[in-house]
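Visitor: One structure, as structure tokens, below. Some questions next.
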6 protein chains.
Amino acid sequence: MILRIDRWQTELPPPSTPDPAGAATVQELMGGKFGEMSTLMNYTFQSFNYRFRQGTRPFYDLIANIAAEEYGHIELVAATINTMLTGVDIRDVESEAYKHHYNFGGKGALPADSHGTPWTGDYVHSSGDLVEDLTHNYFLETGARSGKLRVYEMCDHPAARALTGYLLVRGGVHQVAYARALEKLTGADMSKLFPSPRIPTAKIPECQPHIEAGEHKKLYRFSPEDYREVIAVFNGPHPETGEDLEVVDHAPEGFPPQDLPPETDVFAPDYAPEEIAEIAQKLRKAAGLPDKVTGIVANDDDGLVSKVKDKLS
Amino acid sequence: MILRIDRWQTELPPPSTPDPAGAATVQELMGGKFGEMSTLMNYTFQSFNYRFRQGTRPFYDLIANIAAEEYGHIELVAATINTMLTGVDIRDVESEAYKHHYNFGGKGALPADSHGTPWTGDYVHSSGDLVEDLTHNYFLETGARSGKLRVYEMCDHPAARALTGYLLVRGGVHQVAYARALEKLTGADMSKLFPSPRIPTAKIPECQPHIEAGEHKKLYRFSPEDYREVIAVFNGPHPETGEDLEVVDHAPEGFPPQDLPPETDVFAPDYAPEEIAEIAQKLRKAAGLPDKVTGIVANDDDGLVSKVKDKLS
Amino acid sequence: MILRIDRWQTELPPPSTPDPAGAATVQELMGGKFGEMSTLMNYTFQSFNYRFRQGTRPFYDLIANIAAEEYGHIELVAATINTMLTGVDIRDVESEAYKHHYNFGGKGALPADSHGTPWTGDYVHSSGDLVEDLTHNYFLETGARSGKLRVYEMCDHPAARALTGYLLVRGGVHQVAYARALEKLTGADMSKLFPSPRIPTAKIPECQPHIEAGEHKKLYRFSPEDYREVIAVFNGPHPETGEDLEVVDHAPEGFPPQDLPPETDVFAPDYAPEEIAEIAQKLRKAAGLPDKVTGIVANDDDGLVSKVKDKLS
Amino acid sequence: MILRIDRWQTELPPPSTPDPAGAATVQELMGGKFGEMSTLMNYTFQSFNYRFRQGTRPFYDLIANIAAEEYGHIELVAATINTMLTGVDIRDVESEAYKHHYNFGGKGALPADSHGTPWTGDYVHSSGDLVEDLTHNYFLETGARSGKLRVYEMCDHPAARALTGYLLVRGGVHQVAYARALEKLTGADMSKLFPSPRIPTAKIPECQPHIEAGEHKKLYRFSPEDYREVIAVFNGPHPETGEDLEVVDHAPEGFPPQDLPPETDVFAPDYAPEEIAEIAQKLRKAAGLPDKVTGIVANDDDGLVSKVKDKLS
Amino acid sequence: MILRIDRWQTELPPPSTPDPAGAATVQELMGGKFGEMSTLMNYTFQSFNYRFRQGTRPFYDLIANIAAEEYGHIELVAATINTMLTGVDIRDVESEAYKHHYNFGGKGALPADSHGTPWTGDYVHSSGDLVEDLTHNYFLETGARSGKLRVYEMCDHPAARALTGYLLVRGGVHQVAYARALEKLTGADMSKLFPSPRIPTAKIPECQPHIEAGEHKKLYRFSPEDYREVIAVFNGPHPETGEDLEVVDHAPEGFPPQDLPPETDVFAPDYAPEEIAEIAQKLRKAAGLPDKVTGIVANDDDGLVSKVKDKLS
Amino acid sequence: MILRIDRWQTELPPPSTPDPAGAATVQELMGGKFGEMSTLMNYTFQSFNYRFRQGTRPFYDLIANIAAEEYGHIELVAATINTMLTGVDIRDVESEAYKHHYNFGGKGALPADSHGTPWTGDYVHSSGDLVEDLTHNYFLETGARSGKLRVYEMCDHPAARALTGYLLVRGGVHQVAYARALEKLTGADMSKLFPSPRIPTAKIPECQPHIEAGEHKKLYRFSPEDYREVIAVFNGPHPETGEDLEVVDHAPEGFPPQDLPPETDVFAPDYAPEEIAEIAQKLRKAAGLPDKVTGIVANDDDGLVSKVKDKLS
């Protein structure tokens, strides 16, 4: 089971120029074959189905723990898409191909790829055979890295760039982790396969802050008590830089999410959101909650709620 | 983001008589339109895409928090399927229709329904419109309850019964929660719609222990710090029993999972799992981990690992 | 079984400025999850599968009768798309995403959504459980209303506006009907859930003529002899206006359809349609049919056929 | 638009021995590529999209009118499946592959094929090109005839045999109709292509009563006023028998449908259907309906409703 | 089994102006329902599944041999798409709908249609019934011809025009072949069905060179030794021109393919292709291969490789 | 383009006991994600899309040449399924789940997996990035080997065993080839990853004859003139045995295929195949073909055709 924490693993910029076509491109990183839904669900199912955990714990812990981090990645991709869709005027996007963002969803991320094709469980490989599943995971991260690189190239919206800069670094860690697990199991040396695709992450400007923070060599432990045995696999030199790989014994602190404004032309969250706000306020009072909303968001310091209400009224 | 905890929300029995056809039936609760993948992903995407959170926090918190619980449900369904598949001899299942459990997966749960059709993002409804999404969620829980009732009838394997007994109670709580949210938002009174389908959970023996423990009226808070405002929505009388609904300010304690044995005819985790165990043990030692595996499982007290090794050698 | 009548349930304008992107948007109302194929097929299958009809006739009659009306809705959506595609020059639409309108179909409506994804039987919910199916139908109409509202916003082509104005009113009647059926069965009061999405139909100009004609409170009986017991369910006050709901004991009179002109660049109905016309005329004569075509269309008064022939020759 | 008539185009036997595997086989005739959903929707969309109707009316009338008959065919296939599923005990069908009949549907027909794959709009061919569409339709009827022949061979349940016996005859008429339309348009002579597959319908016992009634050479007109010009195409000798083809200027009279009993283990229509019956009776009374149910069913003469109630109480 | 020959069945022009939207349109001819994947796989499976070959050899040989030619057609469609995508700058195509060409594929053809929907085995008809399969094939070629005509109209890129000009002629031969096979089997006369769609290929300028070369009446034998009995079916007058059909007792000579340049923004074949070239050169040398590359391509005469290297360095 | 040769790459036994459930299992090797359609189409598309061939020829030649071999593999899988289905009585298979073999296909292989789900272009990975595509191919062969091992275990029908015994050996060669290509490109040493799954092929009895013939270390060149540069990559020691890898400069000789008998209950090739045989014989004569059929099949020595005719008459 999980505990959920309302924080983002990295910072994303607030909405700026809407970018409907870019948001469609970024959907590939959500629901495409190599999107974050795929990494999340592959590792999640592999961990659920993992047999003989006690006998082979370090490998189980590795997969289960990376699965936990991936949840945060689908959250980031969704946030990026939502940011890019904020402010789109649906009367102006007739020629935009990704119509589901407007006539089906509500300017929100969908579990679908850049053509609108839904993510499917068909993308999950959970064979039960450990070497096979790890081989798959190494390949999946390779394909995912490729996808991120291309979306990076195609979209220059600041949110898309912040997203891909971060995910390239973190995906790279997972790619290393699965290769290392294979090496530990078989004795092979896969280091020279890196980087794959063969462009070093270090050449991408938006990756720099994360590399400087050492994010390219750290595996966080996303659990209060479990997955302690990842250290038995995730160690040794980083295949590209030679630096020591490192297990961080807790989750990253994270960043408060942006609270995105209502989009009334798609009724999100309503045609008249201020009415819901009013109802919410009454319910909160009746429940004895404090006057100030308990949720923490990045853009709360100067009263988004009242501003939105003002703007709406 | 999430923290993952290696515990089950309810207890499931250890493997007994293998039940390949039953395992196929239970897949509907995983990857069917009304399976737990659907409840998980619907609420997850709705929470990611939720706009104007600060202004309408109690509703956001409700959806986001229930999403977190659902993760534990896909885990339970997977565990049930894996339990039922344990011990199946793949030379004996030629006439079993669900071939993917053997020639594609490795006697493990798949993100697919009872016919093997993969779960798809098409099952996610995230319109952005709060009343619409809540209406959807109420319906989804109704359909999900119906599916659980039928799987309960079709399968008398102890694991399937334990699973459905538990999920019927917890799904019922979510059904109530979404109805209540709609009532709070609109002023409607939906209580008389319960139970739906119109058979009281109380008539199902396997639900009794959970009802006695009050699980039918509690909403757990699955977060260290967030989603505190669920109490503003989840309150008032239970529509069926009239008891007060209750928010529990933490996650349930949970139960250690069963560690399921290797299945070598599908190479899960290997043709010769004891070899992986040996490698793992060396890696653990090298990493300074204690001799005893750190993972906690239900069936660890008398040495599964050594027994499995014995049996395999 | 059915009798088919070559009339439209509402008037649509003749072709004007072609609108290929708008036609793609309107496809969502045809083959999207909440499109008219879905409403038609959900109620049709529910009526086919309805058990114990004699014991519970009013509910059967309601579902079966609404199913019949929905057939007219897919006809209207198709007509709208065809109207919007009339006159498109396929050499000019290279950048249009919805290529199937030209390289697969013949400037005609497809049973697919706004991305070109085909409608699927997966969208049909026919559980057999009456309360569950009605709950589904209420939700489906809610989602459908939401889709229509958004397509209304996205498309200002006169045909799209005429279509959505009409369908919003009629869909609203079905939403009321299913809620009322649930109320009758359970005793719940769902009136305050209306309108959902929470924008009154009365605010939409294109709905006005239909509201003025009382179309928002009438249920037509689409059968020569059957479905008489709908009156046992469809009665009482309209949840929004308080007016009495009303069963009209026959189908609406309808309007002659537009006969859309040939589109020779996609060979619809042929590269040289006048040749088919000539053949048809000979066949008609040989069969003893009158000189004047027996079909009645909206645009027949001043000789479309001869005009088209003239234009083509 | 349509008027719906609650009668079947042919008689089907009442439920007898349940046949779950046979019901799965018959699903192919519903939602398979060559099932009745396909014939219905192909001709329906082709008629909606038909351009230049006035100039080429006989061909439009032919397609539109056959589309109308096909609606009655999906109804018959559904009724057959429902009949075969009546009385199945869902505790006994664990090894049955078609689980959706029990854990998703409620012992009811689904818009899916014999593997449970949903019917899809992808099966519709509506190119706008008349010769192409007619060629398609001729092929579709050929494939459909092939499917019916095989289901006939595979299932000896009386309902399946009655269904396929009827549909083979009626499908044969449509196959002839489309070939004749092509012949009229092009001058080709396709008669020698019949029968296709090359087994005469006359060899199939269950077809005999319908052949004796002349059903193999009649095209009914399924409309109060429209489609009168089919006679300009559907004429001349039947390609197999040489008899004159014949247009019947009205719909067939049809037969009252069987009212199938409740199946409470799947809650169809409820866990306690007698409660719904009671509610229905009150609503009927309140609406001024006569004591006796107005619906006409085949099995009504000796009080199904009261018998069911008795059995249930 | 097959022998593969690195030559194209017709000449295609080298890359010129990139045409991303046109490339998307041409995808329909690859992975659409009537694309070349469909013709290839239909005939391939029909030939694999063909029973009683010795007894009915000429028909088997016809289908198997046409299947072999179709392989060359998917190759040509791929080459066309790749040509049209060459030189696209992925930073400039944000508004292009077919994102998979850039964020999933590498400016390469995909087995998908013009919306990006993957080709599926569902498009294959292999009933085993010879007359039925031939009827299907005749229809399939009719639909395929229609698709090519429309893509021809929509795309004026020289590669698309060269492709469709060629495929229209060759597809026409297959359409004739299957009709002739049906005629031989049944005695029907289908000649007057041609051309279908009813525009003579002779009216399309890009078809002229191929018609002048007699390609519209020749069936090549794509095998060193097999399929000699096609001559028993493919003979008699061409239905449109009356010329004698002709079997050519070998495959066409073909044309060397264009070697398309690297596209480094999608890493095809790499971020730094010259590095791979260097490695390849070393491997070639070590294997004793001659200095000059053994592969023969259309654009090799003035040293593409060195030019590319120059351009890249 | 290709030349097709009517020979099998390995021998398969003639039909014996029909095995409908086994035939369904084997479908996974045809149309499953890791079936031979996938290996064929992945390498085919990668070769079509390969850019900069002249600069990096050995890698292109490797992929293109393996693609050619894979065609022979789908042929073998089809032949196996057809063999296992020969003699099935369709009146006896009501409880068999794979109904499409009888009510859709004609006891013939379908491009679908073991649940009947069609193969899809979604299974093709053609990123253009050479290292990524090779990594994919190495993984794909790993998954494919896993699938073959499991089908081997599940099916003991002689045809299934002969098939999997052969494919395991040949698939192993391709797995080695792609690993070697990666090693050549990057300098990594992947040898210790073999075997994967970690069971040596040498332990499987049905692989022995092929290993003894050295088939595990040979790469055939499937082209009259092309793909000569594979030798630059496919060399060095076999990772498991240390033997030298070897390129055979031509295709294997192959074996004449079995001609499978008609199955008249599914009309394959007809209800009365002897009638087609008679027509064929007349056509052959008219075309001047020799009396004896020119096709060469394994079971021709004592007159299958006449025997079949006898049996049928």
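Counting begins at 1 with the first residue displayed.
Backbone N, Cα and C define each Cβ position, glycine as well.
Model, not experiment: these values are computed from the prediction.
Per TrEMBL, the features are:
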BINDING   F:GLU36, F:GLU70, F:HIS73, F:GLU141, F:HIS174  Mn(2+) binding site
BINDING   F:ASP61, F:SER223  Ca(2+) binding site
REGION    F:1-21  region 'Disordered'
Visitor: Taking the Cα atoms as reference points, how far is F:HIS73 (Mn(2+) binding site) from F:SER223 (Ca(2+) binding site) in Å?
Guide: 16
Visitor: Using C-alpha positions only, work out which of the binding-site residues F:GLU36, F:GLU70, F:GLU141, F:HIS174 is nearest to F:SER223 (Ca(2+) binding site).
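Guide: Smallest Cα separation from F:SER223 (Ca(2+) binding site) among F:GLU36, F:GLU70, F:GLU141, F:HIS174: F:GLU70.
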Visitor: Among the binding-site residues F:GLU70, F:GLU141, F:HIS174, state which ones have a Cβ less than 8 Å from a Cβ of chain A, giving them in sequence order; state 'none' otherwise.
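Guide: Listed binding-site residues passing the 8 Å Cβ cut to A: none.
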Visitor: For the recorded Mn(2+) site, whose residues are F:GLU36, F:GLU70, F:HIS73, F:GLU141, F:HIS174, find every other residue on that chain with a C-beta no more than 8 angstroms from the centre of their C-beta atoms, and list them by sequence position.
Guide: F:THR39, F:LEU40, F:TYR43, F:ILE66, F:GLU69, F:ALA144, F:LEU167, F:ARG170, F:GLY171
Visitor: Under DSSP, the region 'Disordered' (F:1-21) has how many residues in helix, strand and coil?
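Guide: Final tally across the stretch: 2 helix, 4 strand, 15 coil.
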Visitor: From the binding-site residues F:GLU36, F:ASP61, F:HIS73, F:GLU141, F:SER223, keep only those with a C-beta under 8 angstroms from any C-beta in chain E, and list them in sequence order.
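Guide: Cβ contacts with E, in sequence order: F:ASP61, F:SER223.
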Visitor: What Cα-Cα separation, expressed in whole Å, is found between F:GLU36 (Mn(2+) binding site) and F:ASP61 (Ca(2+) binding site)?
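Guide: Cα-Cα, rounded: 20 Å.
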Visitor: May I ask for the distance between F:HIS174 (Mn(2+) binding site) and F:ASP61 (Ca(2+) binding site), taken between their Cα atoms and rounded to an integer number of Å?
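Guide: F:HIS174 (Mn(2+) binding site) and F:ASP61 (Ca(2+) binding site) have their Cα atoms 13 Å apart.
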Visitor: Other Cβ atoms within 10 Å is the metric here; tell me which of the binding-site residues F:ASP61, F:GLU141 scores highest.
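Guide: By the 10 Å Cβ neighbour count, F:ASP61 comes out on top.
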Visitor: Under a three-state reading of DSSP, tell me whether F:HIS73 (Mn(2+) binding site) is helix, strand or coil.
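Guide: Note: F:HIS73 (Mn(2+) binding site) is helical by DSSP.
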Visitor: Counting only residues 6+ apart in the same chain, whose Cβ is under 8 Å from the Cβ of F:GLU70 (Mn(2+) binding site)?
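Guide: Expected: F:GLU36, F:THR39, F:LEU40, F:TYR43, F:THR44.
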Visitor: According to DSSP, does F:SER223 (Ca(2+) binding site) sit in a helix, a strand, or coil?
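Guide: For F:SER223 (Ca(2+) binding site) - judged by DSSP and reduced to three states - the answer is coil.
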Visitor: On a count of neighbouring CB atoms within 10 A, which of the binding-site residues F:HIS73, F:HIS174 is highest?
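Guide: It comes out as F:HIS73.
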Visitor: How many other Cβ atoms sit within 10 Å of the Cβ of F:GLU36 (Mn(2+) binding site)?
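Guide: Total other Cβ atoms inside 10 Å, all chains included: 26.
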